[in-house]
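Structure, as structure tokens:
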């Protein structure tokens, strides 16, 4: 049985497969204003700012408790040594040992409880925000255009209901939404004939492109332990900003919303040796599952926002000093894919309010969708710094006195199949001939066809 769970934060408790997240509490104490700034720029709850204040305040209390406990333990050890050497005040010494034991026990409990509370509050904090993120927390900036010059480029296909991908797909008999709705419910679909072939063509094209760029292919699981989902900070959000995932009831396992999750966990609890093949780049294709509760209007029409879909994901494990370079690589590859598909699109540097908790910076690519009458997201790529690595226990050796550091993780969409199909149909459909032009790069994967016609 699968149910939809709404969650707002991880519990911070240990699990059987992951060690406790290695949060740098001292960094929070030393740089509280930077953590507060990240919270405020993301427009998150003020309670998270209170978390920072709590950590700063009670970390000192925790340190004092630690010192008291150690002082008592040193006294206990000294008394134990005196007993070995012999003493004339045996009764007094034994009494003091009992007193120390009774004093240590409540202090240790107090320390442990405080440590857990500090940890939970620290783990709930979001990552820092990169310097390159736009200053306006609500407004993205356009980094570049792809296959067009502006949002009002005259070459763009005019907005028209004739360009609606759902109507086109049903007219050409390459999609069936009604049958899928009868069988599975709203926001599911059948791809038929050339529609199904188009999906596979997009997947194979993206995988081929990734291999040429040095990515190692992985076929990951689509069901993972729920604590792995939490460790990745993955939160598919609805319009109320509530995290929603499908979870297997009684199993503590979840259906993944993206291959990012199993790819991130591929090296969980791993320390890469100095001089090893690092950074590492993987590409994974999987079915993805999203509850999408709260979505409404045109976003739920057709293929744009669905519960299950095929997605090709790119994932990098990197050193901290290579983050910017790796993010640029991800973005460049996405631009290359969209360019070769011939889609008119724009690259957006997303504002801080649009960043998930793990992300320090994110770029989205949106394509013009004339049937929807708006631009729609096709891809995103994010630099997550060491946020996920600290929760998954992924490190690399540096050869310096510090020994090892937590890795950086970055992710990006190579191909979100339904969204790209939406853009291809709406931009490439000719209402006069009732044909869809197939991009040249996809034709080898489409049995050599250069267009999709009415059956």
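A Cβ is built for glycine as well, from the same backbone N, Cα and C atoms used for every other residue.
Heads up, TrEMBL stuff is auto-annotated, nobody curated it.
Per TrEMBL, coiled coil is recorded for 83-117. Annotation comment: TrEMBL describes 198-439 as domain 'Aminoacyl-transfer RNA synthetases class-II family profile'. Per TrEMBL, the feature L-serine binding site maps to 258, 290, 313, 411. The ATP binding site annotation in TrEMBL covers 290, 291, 292, 306, 307, 308, 309, 377, 378, 379, 380. Look at TrEMBL and you will find 413 tagged as site 'Important for serine binding'.
Cα-Cα distances to residue 380 (ATP binding site) place 411, 413 within 10 Å, out of the recorded positions 290, 411, 413. Between residue 378 (ATP binding site) and residue 413 (site 'Important for serine binding'), the C-alpha separation comes to 8 Å. Within the set of recorded positions 258, 313, 411, 413, the entry lying nearest in space to residue 292 (ATP binding site) is 258 (CA atoms). Here the binding-site residues are 290, 307, and the one with the most other Cβ atoms within 10 Å of its Cβ is 290. Taking the C-alpha atom of residue 413 (site 'Important for serine binding') as reference, the shortest distance to any of the binding-site residues 258, 290, 307, 309, 313 belongs to 313. In the shown protein chains, 28 other C-beta atoms lie within 10 A of the C-beta of residue 313 (L-serine binding site).
In this entry, L-serine is bound by 258, 290, 313, 411, whose most widely separated C-alpha atoms sit 18 angstrom apart. Per-residue confidence over the domain 'Aminoacyl-transfer RNA synthetases class-II family profile' (198-439) averages 92 (mean pLDDT, predicted model). Comparing CA positions across the binding-site residues 258, 290, 313, 411, the one lying closest to residue 307 (ATP binding site) turns out to be 290.
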